[in-house]
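Colleague: Okay, handing you the structure first.
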Amino acid sequence: MELAIQTPLPPSSDEAVSPLNRSRINDLRAESQDEIALQDLSRVLDSDIEPENGEPQSDRNVSSLAPVDGGFQAWSFLAGAFVVQTFIWGIPNSFGVFLNSYMQDARFATQPQARTILPLIGTLSSGIMYCSGVVLYPILARYPRSRKGMMWSGAFLSWLGLFLASFVTKVTYLLLFQGIVFGIGGSLLYAPSTSYMMEWFVRRRGLASGIINAGTSVGGLALPPTLPKLIEKIGLSMTLRCLSLVFAITILVQSWLKPRLPESASRTAPQTRESDHQITSERPINSRSKWLTNAPFQLALIATTVQGLAYFLPVLYLPSFASSLGLSPSSASLSVAFLNGSSILSRVALGVLSDKVSPFTLGMLCALGTALATFVLWGVVAVQAASHFSGLLAFGVAYGALTGGWTSLMPGFIRPVAADDPQLATNLMGILYALRGVGNILSTPISSSLFDSSSSISSASPSITSGVASLGSKYQVLEALGSGGGYEKMIIYVGSCFAGAGVLAGMGALAEKTSQSRAGADGRGGRWWSR
């Protein structure tokens with residue numbers, strides 16, 4: 001059957017094939033293309049490895065490789081990557097709790113530029129992890145054996161950043177250690193795990209991405225309710241040290257992260273595979289430059305950037321916003337916990353759906369739904385005192401469920417232009433993540449400019465100031481963040497960004513539909529993502 005799929009029909013017999021049979025042959029080609037391409041890639045990699053026991057590696061049977069898209073080793077890798085993701089992304093996604101505590105600590109809140117620097121810590125750490133892929137992925141593709149060493153180096157730097165941050169009292173040093181050093185370490189952990197995922201999963205890549213990304217939400221669900229209690233009992237410094245210790249112990253699970261394909265010390269430039277010509281006699285193989293002219297993918301790049309300009313702001317500011325409404329620290333942290341908790345199923349569900357349904361359609365629905373939730377739920381919370389807590393939790397649930405799965409859609413955005421090339425798919429993931437990281441980093445100075453600069457302690461709301469012995473030490477920065485005007489502007493900004501991302505995703509869906517129609521007219525069948 002595989003030979004029949006790979007071998008083109010001669011012109012005489014091609015005319016005798018009915019349209020139904022032709023469609024079936026095209027479907028079989030689409031189904032087998034990814035697995036055959038990966039097997040051919042493994043043969044290329046085998047040829048780069050030194051002989052073992054006098055027997056050339058090129059003679060090894062490809063069947064000795066672990067199965068793709070399933071099996072104990074694939075699921076073990078997925079479990080390890082899930083745990084790694086829980087910590088390296090869960091900590092930045094819970095930074096809103098730290099931000100709220102820093103703002104209420106006179107040691108940090110009264111320092112110059114604290115209002116600008118403190119919020120930047122969380123967005124910078126996540127932004128570095130997003131942006132670094134565009135640099136790290138090509139290095140990993142060129143030197144695949146460096147992945148394991150890179151991960152252990154990243155684990156050490158992440159631990160070091162948290163540990164050293166517990167000893168400093170200057171906001172600039174907090175930015176350096178908890179923001180930059182931790183972010184660099186997380187990058188060195190995350191990039192290799194993504195590279196491994198591209199080898200272990202092909203058809204189920206959306207599912208795998210969703211499960212791994214769910215770790216982000218699990219970390220964001222577990223930490224926010226826990227951190228305020230620890231901070232209250234043992235203080236900020238000891239909380240950071242305890243967190244660094246737990247991180248150091250748990251991150252040992254990265255030993256489960258192993259490659260599926262044989263690794264060489266260095267990888268030569270991509271080679272042309274003989275089977276490429278066999279598989280695609282009627283449809284040319286996806287070239288490495290196709291993404292540059294692919295309209296749907298270009299729209300995905302822009303939509304991801306716009307979505308990134310707003311995504312992190314509610315995660316960062318909800319605890320501070322809740323505190324400014326007079327809610328307790330534990331109630332404030334619940335808003336972030338509900339947000340991250342609701343995104344767990346979203347990340348997995350959208351990952352699974354993106355294997356079967358257009359990710360552009362899913363992205364459009366989620367982004368427009370987020371815009372509606374932001375304007376209605378968060379907007380109502382900002383002006384309706386009676387619904388502060390319940391409305392805030394409702395917004396957190398809706399926001400997490402609708403936005404959490406965007407990263408799970410990224411493999412779906414990439415698949416039409418790089419389904420048969422794990423290295424290209426990894427590099428394109430790096431570009432998507434980098435653009436989202438740029439949006440994350442830029443969102444902090446943008447949000448700072450949105451707050452009402454005329455806000456001052458003298459205009460404090462009675463609901464905030466009553467019963468507070470020292471305004472300057474506890475609520476000064478919360479007031480400076482803009483009680484009233486600032487958050488309304490942020491709500492409009494966040495909702496508008498998601499509305500724009502939804503429109504761009506909708507344009508991508510239309511462009512994708514047009515591309516599919518042209519492919520159908522050319523007689524190219526198969527699944528939506530293989531066209």
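Any Cβ shown, glycine's included, is placed from N, Cα and C.
Straight out of TrEMBL:
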REGION    1-20  region 'Disordered'
REGION    264-283  region 'Disordered'
TRANSMEM  74-97  transmembrane segment
TRANSMEM  117-137  transmembrane segment
TRANSMEM  149-168  transmembrane segment
TRANSMEM  205-223  transmembrane segment
TRANSMEM  235-257  transmembrane segment
TRANSMEM  297-318  transmembrane segment
TRANSMEM  362-386  transmembrane segment
TRANSMEM  392-414  transmembrane segment
TRANSMEM  490-511  transmembrane segment
Colleague: Might you confirm whether the transmembrane segment (297-318) is in contact with the transmembrane segment (490-511), defined here as three or more C-beta pairs under 8 A between residues 6 or more apart in sequence?
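Modeller: Between the transmembrane segment (297-318) and the transmembrane segment (490-511), which are separate recorded stretches, there is contact, as judged by 3 or more close Cβ pairs.
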Colleague: Can you see whether the transmembrane segment (297-318) and the transmembrane segment (149-168) are touching - at least 3 CB pairs under 8 angstroms, only pairs 6 or more apart in sequence?
Modeller: no
Colleague: Out of 74-97, 117-137, 149-168, 205-223, which stretch touches the transmembrane segment (235-257) the most, going by CB pairs under 8 Å?
Modeller: 149-168
Colleague: Taking the transmembrane segment (74-97) as reference, which of 117-137, 149-168, 205-223 has the most Cβ pairs under 8 angstroms?
Modeller: 205-223
Colleague: Could you give the residue numbers and ranges of same-chain residues that sit at least 6 residues beyond the transmembrane segment (117-137) on either side and whose C-beta is under 8 angstroms from one of its C-beta atoms?
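Modeller: Distant Cβ neighbours of the transmembrane segment (117-137) are 88-89, 91-93, 95-96, 98-99, 102-103, 108, 150, 171-172, 174-175, 178-180, 182-184, 186-188, 190-191, 194-195, 308, 312, 315-317, 426-427, 429-431, 433-434, 436-438, 440-441, 443-445, 447-448, 477.
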